[in-house]
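A.B. asks: Supplied in structure tokens, the structure appears directly below.
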């Protein structure tokens, strides 16, 4: 039995030729709601409430309602006698704030999502119904056809459609996912390899402590990550499948990228061949450019942020700091450290062999086992203007990529020292300490074009490469076709036993692997103790998301051919 709203939707969806959207994603032109005086003429399809017959149901096909008229509602004169004489205090300030602008955008997308998805569902349902009816019609014409059985099949189909409709109305929940194993740990929560029970989708489920995020005012970073993940379908960025929340936690279910991160690859290989390094840095630039195209700067790029997919290609993840600013606590900690090292005495910087620098770098990482996972962070890849809290632009990401290219080829970062303090000091005096590495026989470890690229990336902002087009024109990339990178065979392809193989990630049942996260666990315990368990967490507006393929009963007809994703949130 169709509800009244479903009948009206069917009527309106009879022919979609008049549905159009203007450049702002709102109904316009001669679209859904034309601006003209017309007379109401709504025809009810005959027999819509009749009992279904598998031979020839009277309600199908539906009457063509493409020219259905809709009353234009006349607006009575408004009484403005009680209207406020002036706007509330700080109205413009609040109206133009980032928070308000985001809520406005989310609201717009909600209504666009609502109507597009409604029509998409109705069209898909009609197609399914037509196929079932054609099948039953054929069966009814066969000799010895069983009318009772055909009626039962029709009733069974209607029941399935009813179940599909029910599932569409359900919100995603934690219990919808089966946890397989833990694959990550952060300061605010954990990441699990999980499977959605009904769709069997495998995903990486990030679970964040909601009260802790509110307590530390870190919700902005989570919302930024959610917005970035839902804004693009770029093959270079990790995709979001679901986002939802409950009283205790925020959940981000992302596509699972099974090949581990680029850091693991560097650890296993020590350093890369020049051709392999060129391939990976090319893909990293494509991934970072995809983020820049969305208007975001990552600001905290490091090898751990680049994941390797099942085919061996790069995907960028972890966009929490792309919100616009890095947390004051982190910046202040680094600024204080930079100031302190000015008063410390370090041995004069002398040229060391590649092997000595590599050994020193690895010893530092082993000695300070939480070096890479520190909540404060290391200065190895971060541009100096970011650490100093100065004004910066998107090219700080190019600095980070220059440091990663350097490390990929020789096995240590350009400013690494025997201690973290010495690393800070080297970074502070980067113009003196950035040296072209030499082999034991005196030959340069980098080719001229490699060194030319690195010094155009690790440079003062005014001398740094200014765009992706400038990057592609560098002689270092002369042999790279950026448009066909993902069709090339990568240097490394993960060997996976199944879609749930997590062998390239840390084993959270191993004490040795757990030792890497000592600082993270210690800080997390300290922060958790600050949270009042009795406090009621607020809801994040516009956080919930469900990707289109995960929506029951839709075919995506209205979205085929779109270059970008549908960044639709659900307002609950």
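Backbone N, Cα and C define each Cβ position, glycine as well.
Per Swiss-Prot, the features are:
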type	residues	note
MOD_RES	17	phosphoserine
MOD_RES	20	phosphoserine
MOD_RES	74	phosphoserine
DOMAIN	177-477	domain 'Protein kinase'
BINDING	183, 184, 185, 186, 187, 188, 189, 190, 191, 206	ATP binding site
ACT_SITE	300	active site, proton acceptor
MOD_RES	374	phosphoserine
DOMAIN	478-555	domain 'AGC-kinase C-terminal'
MOD_RES	544	phosphothreonine
A.B. asks: Could you list the residues of the same chain, at least six apart in sequence, whose Cβ is under 8 A from the Cβ of residue 191 (ATP binding site)?
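C.D. replies: Same-chain residues close to residue 191 (ATP binding site) (Cβ under 8 Å, separated by 6 or more) are 182, 183, 184, 185, 204, 205, 206, 207.
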A.B. asks: Distance between residue 189 (ATP binding site) and residue 300 (active site, proton acceptor) at the Cα atoms, whole Å?
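C.D. replies: That comes out at 19 Å between the alpha carbons.
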A.B. asks: What count of other C-beta atoms do you get within 10 angstroms of the C-beta of residue 300 (active site, proton acceptor), across all chains shown?
C.D. replies: 21
A.B. asks: Calculate the per-residue pLDDT averaged over the domain 'Protein kinase' (177-477) and state the result as an integer.
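C.D. replies: That region's mean pLDDT is 85.
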A.B. asks: State the count of C-beta atoms found within 10 angstroms of the C-beta of residue 183 (ATP binding site), not counting that atom itself.
C.D. replies: 21
A.B. asks: According to DSSP, collapsed to three classes, what secondary structure does residue 183 (ATP binding site) have?
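C.D. replies: Assignment for residue 183 (ATP binding site) reads strand.
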A.B. asks: Taking the Cα atoms as reference points, how far is residue 187 (ATP binding site) from the residue listed as 'active site, proton acceptor' in Å?
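C.D. replies: Cα-Cα distance, residue 187 (ATP binding site) to the residue listed as 'active site, proton acceptor': 16 Å.
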A.B. asks: Taking the residues the record says bind ATP (183, 184, 185, 186, 187, 188, 189, 190, 191, 206), how far apart in Å are the two Cα atoms that sit farthest from each other?
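C.D. replies: This binding site's residues have a maximal Cα-Cα distance of 15 Å.
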A.B. asks: Tally the residues of the domain 'AGC-kinase C-terminal' (478-555) by DSSP class, grouping H, G and I as helix, E and B as strand, and everything else as coil.
C.D. replies: 27 helix, 3 strand, 48 coil
A.B. asks: What's the CA to CA span in angstrom from the residue listed as 'phosphothreonine' over to the residue listed as 'active site, proton acceptor'?
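C.D. replies: Pair distance, Cα basis, whole Å: 26 Å.
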